[in-house]
Amino acid sequence: MNCCPPEPSVLCVAAAAVAAASANDDEDGDNGDDDKCTSARLRDGPTMVVTGAMVPGSTVKPCPLRAPLVVTVVGLPCRGKSLASHKVARNLSWRGESAKVFTVDQNATSETLREISLFFKEGHNVAIIDGMHLTRASRQAVASFCADSVFHQLLIEFTCNEKCLEENIADTVRFYHKLDQSTDWDCRFRESNDRHTPTFEPCAPTEGPLITVNNSEDPMFHSVTARGVRGSTQTAILGVLASPVIRQQTFYFSRHGESEYNVLGRIGGDADLSPRGMKYAERLARQLGGPGSAPDSPRPKVIWTSELRRTIHTVQNIPGPRAAIKDLNEINAGICEGLTYEEIQERFPQEFAWRDQDKFKYRYPHGESYLDLLQRVDSVVQALLTNTDVLVVSHQAVLRCIMAYFKGIKPDDVPYINVPLHTLLIVRSYGYDFVVETVPLKVECVDTYRIQPKNCSTTRTAADALTTVPAHFDTPLSQQMSTIS
């Protein structure tokens, strides 16, 4: 993905101008002899705007179109910086960027900047420095590094009100108390906040592209402002930060119960549940507050399904408000809708081979690819992250894309995530991460998981092409049962 603005010289030239503008300006008390700690102010009023040209007399190189991005996180302790930093990195990595959080105690050190340089040399493109960077001098060191190395730079400053601060301290204390009960974490965090508050110098607009976040779990108080943000990656970061970060979250995910098409090995379509799928729907309801559930069983606050019958009927006995969402519909298989893998190999052997060669980017004729699907479910993931206690019942390909976010799986590996039928997946937030609990509900069903075959050539035999196709029945189970009876 393009991480830079259409005019690639703008940000780096402006950053370089900021880095060099006030070598003799000591009005903020900085040491003018230290070129990495000079005041980062542009003189004479408004922010400089440079479009496609170098600053007169400057020897700074313009940024290449795909220059890496360094994100400097700014703010006092317990303002939600680390949680947001990891949320941004997770979202960018899920979208196909290569992002990493570099955690520092207070400010980026020379060793931190060396590690970032090596990180970029390995082909990665977004480094997020999670620290405090309370003074302009500390931020100037990073700005000079970006200007010298021809990297893009983005500042993100976090603030919050007193109520949010108290909630953040209490939540952080609870988390660290589980790890070490011998430390007075409440006293430690409050002392750190009191010690650093007098040294805090808020970011000035002239320091570079800036996003300011007034953090709160309450969307009515959470607010974000931005100056100078450009390019798809910086805009994506702004989008992630625009939503409140919920500290404690639980989600429930499940595929629909086994469908008649699953039994027959057919893909897509709008088939209803098989008898075993109906049994799973009953078992899932007992697990999540429906008929026959235990008094202490979890009860989702809201239920999201696709528009297809098999998901809607799977949750019909689970209480709670619900919505059928188009973006949760199964991947569109185009001309292959309703076919078995054997029929696809017989009718479209070349298409079948192409899909095996690159399952993530392959698009069914008149249908979708996993790349398309990942972009389609982005809105669902962003909506999930502003909620908790949500049950999502959808389809194999869709849940692969969603689970990739919570598991931190790279896009190319998404098509091979195993999301079995008749299994409840419970996702819980844990610090900066998520943990996934797998709960099989022990209702017999077919296995629809297909691994990549060894031979993906367009000249392969039908036997090679079908070697990893899951076993399935030739007639619906309901028909088999009536024949037996």
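Cβ coordinates come from backbone N, Cα and C, glycine included.
Within the same chain, residues at least 6 positions away in sequence whose Cβ sits under 8 Å from that of HIS256 (active site, tele-phosphohistidine intermediate) are LEU273, GLY277, LEU308, ARG310, THR311, HIS313, THR314, VAL393, SER394, HIS395. Annotated active site, tele-phosphohistidine intermediate per TrEMBL: HIS256, in sequence order.
Neighbours of GLU330 (active site, proton donor/acceptor), defined as other CB atoms within 10 A of its CB across all chains, total 25. Residues or ranges marked as active site, proton donor/acceptor in TrEMBL: GLU330.
Residues or ranges marked as substrate binding site in TrEMBL: ARG255, HIS256, GLY257, GLU258, SER259, GLU260, TYR261, ASN262, ARG310. Taking a C-beta cut-off of under 8 Å and a sequence gap of six or more, ARG255 (substrate binding site) has these contacts in its own chain: VAL393, SER394, HIS395, GLN396, LEU399, VAL419, PRO420, LEU421, HIS422, THR423.
Here TrEMBL flags 67-106 as domain '6-phosphofructo-2-kinase'. Mean pLDDT for the domain '6-phosphofructo-2-kinase' (67-106) in the predicted structure: 94.
As annotated by TrEMBL, site 'Transition state stabilizer' applies to HIS395.
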Long-range Cβ neighbours of the domain '6-phosphofructo-2-kinase' (67-106) (under 8 Å; 6 or more residues past either end): 1, 3-4, 8, 12, 112, 115-116, 119-120, 123-134, 138-139, 142, 145-146, 150-160, 164-165, 168-169, 172, 189, 192-193, 196-197, 200, 203, 213, 215, 233-234, 236-237, 240-241, 245, 247, 374, 378, 381, 385, 404-405, 408, 410-411, 432-433
Near-site residues: substrate, ref ARG255, HIS256, GLY257, GLU258, SER259, GLU260, TYR261, ASN262, ARG310, CB cutoff 8 A to centroid: VAL263, ALA271, ASP272, LEU273, SER274, GLY277, LEU421
DSSP-derived helix, strand and coil totals, residue by residue, for the domain '6-phosphofructo-2-kinase' (67-106): 14 helix, 11 strand, 15 coil
Rounded Cα-Cα span from GLU330 (active site, proton donor/acceptor) to SER259 (substrate binding site), Å: 13
Packing count at ARG310 (substrate binding site) (other Cβ atoms within 10 Å of its Cβ): 27
